[in-house]
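K.L.:
Sharing a structure, written as structure tokens. Questions coming.
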Amino acid sequence: MTASLLRRLSFLWPTLLGLVIFSGVVLLFSRSAPSGVPVIPREDLRDLPGDILHSLVRLFLAYLLSLSFAYAYGLAAALTRLGPRLLIPVLDILQSIPVLGFFPAVVLVMVPLFPTTHMGVEAASIVLIATSMAWNMAFAVYESVRTAPPELTDLFRGIRAPAWLWALRFLVPVTLPKVVYNSVLSWTAGWYFLIACEMIALGPVHYELPGLGSFLVGSTEKGHFGEALLGIGALVVTVMILDLLVFRPFLAWSHNFRLGEVESHTPRISSPVYDLLAGSSWLGQFRSSVSDMAAGFFRRISRVPRRRQTFRDSSALRLLGLLLLGFFGGYLFTESLYAGVRVVTGWINQGIPWRSLAELPADLLYSSLRLVVAYLLSLLWTLPVAYWVFRTPRLSRIVFPLAEIMASVPATALFPFVIVLVVTHLHSMNLASILLLMSGMQWYLLFNLLSGVGTFPAELREVSLTFGIRQGLFIRKVFLPFLLPSLVTGSITAFGGGWNALIVSEYVVYAKKDYGVDGLGAFLDRATYQGAHPVLIVAALLVMTAAVVAANRFFWIPLYERVTQRYSYDA
């Protein structure tokens, strides 16, 4: 009887747990407020190495946080029935929210946790950076597990492999290649939004942290062209060193975990550092020792006998836990509902700015038009470069690291050049905004197109040459149709990056002077930095999120399904 009732109520577990978490967050928001003295960053050029170190530590901690989230969320989405129906749509919405949209929640939660120290601001900065790094890695884990070879999945299920063996021999080989590749993109996104995450503002409350991002924005706002150029140079050198010592060795190492034979038209990524480490005997001994220790640890854990149930029917204990969780969740929900009503009442008492809200439809239209123009301009040069790399595969060794470095340069760091060259001489802030938007869109297109080029089958090219399909006919009938799935994927991620880049592309401060255009990004900037009016912030985020979700659901996803069905290559 108890077991039957428990099976009928089992669907309540995730619902009640989500209710408890949501209610707790609402209560925390309603009883917290940003306070404290702003942290003033150092402005001396001699402190620039220390600023770079500060930023690197924040990025590294944010990456660890993002990686933990990616595996936890990605596995939950891939291995549970709620994944495709609930978790993936939620992840799609989360990745469409710009970094600026997380400011109120993160500041209200993190800063009051450490009211007398700077740790709250540091924690807020790390979490904000993580919001620009986590989503694509979670999608990578989900896609890797869902697309794993069925025979491998059946093998581990058939032998009833313990969790440690499943993690070491299935999860790591399946997910590592895509996770490593997406980690590079995540670090690129982290560098791109570093400025916004080190200069945290919410209305009259401003927090500035020492780091490369705050150095760049400080020199830009003061109009110090030379210091801004020096900061960009330091950023480029840092990214190059990371690429040489970290990313390229890991990318080369991840090729060892590819499942099956994947024929690639692009040469394997070479790394002298990886070759040096792979050939050293002491590293091999260290790796085998660590592997043996980890395997032994997991085996000992799996052998620990479980305590016998003191209840005759364990279902009774689970039912009791469900009832307690339901009671606790109901209490928290009631409290949070009361707190939410108080908060909304306070907003209404402040006065709802109807005139500002009426600007949102027009701002959405302006921003959408700029995104389309920036996308088309990005497509004009990324497609030829992808074909160029296809014709000359050796160029990938130059194009990949160069694109990675250029993609890491934040749009805010480009303000001096864009303002001086475009606004001052051409008197067009719209063109400047489009160019800044391209910095947040074009690299997603290029990386996905190059990824598609790398999987172009050699036999398909040989057949095309045999039948005399060359030059323009080859591009129209073979190359572009094969590349269409990668192009659509790159377009989806490019527009996602563009929506995020709106906040740094439509409102610019240079030499203590404001430059702006009408659009959602500028609307959200003004609502967050100047007035911090919660109604305007929430309304702008809802409009932006609804636009992204609607575009994905009604245009991009149907287009992707049609393209993959019509132009998929089956060897």
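Heads up, the Cβ atoms here are built off N, Cα and C, so glycines get one too.
Heads up, TrEMBL stuff is auto-annotated, nobody curated it.
Among the features that TrEMBL reports, transmembrane segment is placed at 12-32, 52-74, 86-111, 123-142, 187-207, 228-253, 316-334, 369-390, 402-426, 432-457, 478-499, 535-556. Per TrEMBL, the feature domain 'ABC transmembrane type-1' maps to 52-246, 364-555.
Walk me through the surroundings of each of these features.
P.N.:
Residues 87, 91, 122, 125-127, 129-130, 133-134, 137-142, 144-145, 175, 179, 183, 186-187, 190-191, 194, 197-198, 209-213, 234, 238 of the same chain lie 6 or more positions beyond the ends of the transmembrane segment (52-74) yet place their CB under 8 Å from a CB of it.
Within its own chain, the transmembrane segment (123-142) has Cβ neighbours under 8 Å at 58-59, 61-63, 65-67, 69-71, 73-75, 77-78, 83, 88, 91, 94-95, 97, 99, 102-103, 106-107, 110-111, 113-114, 175, 178-179, 181-183, 185-187, 189-190, 192-194, 196-198, 200, 207, 209, 493, 500, counting only residues six or more beyond its boundaries.
Away from its own ends, the transmembrane segment (369-390) comes close to residues 265-266, 396, 399, 430, 433-435, 437-438, 441-442, 445-446, 449-450, 452-453, 456, 475, 479, 483, 487, 491, 494-495, 498-499, 502, 505-506, 517, 519 of its chain (Cβ-Cβ under 8 Å, at least six residues beyond either end).
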K.L.:
I need to check the long-range neighbours of the transmembrane segment (432-457): which residues 6 or more away from its ends have a CB within less than 8 Å of a CB in the stretch?
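P.N.:
Residues 185, 188, 192, 262-266, 370-371, 373-375, 377-379, 381-383, 385-387, 389-390, 396, 399-400, 403, 406-407, 409, 411, 414, 418-419, 422-423, 479, 482-483, 485-487, 489-491, 493-498, 500-502, 504-506, 508, 515, 517, 519, 569, 571 contact the transmembrane segment (432-457) from elsewhere in the chain.
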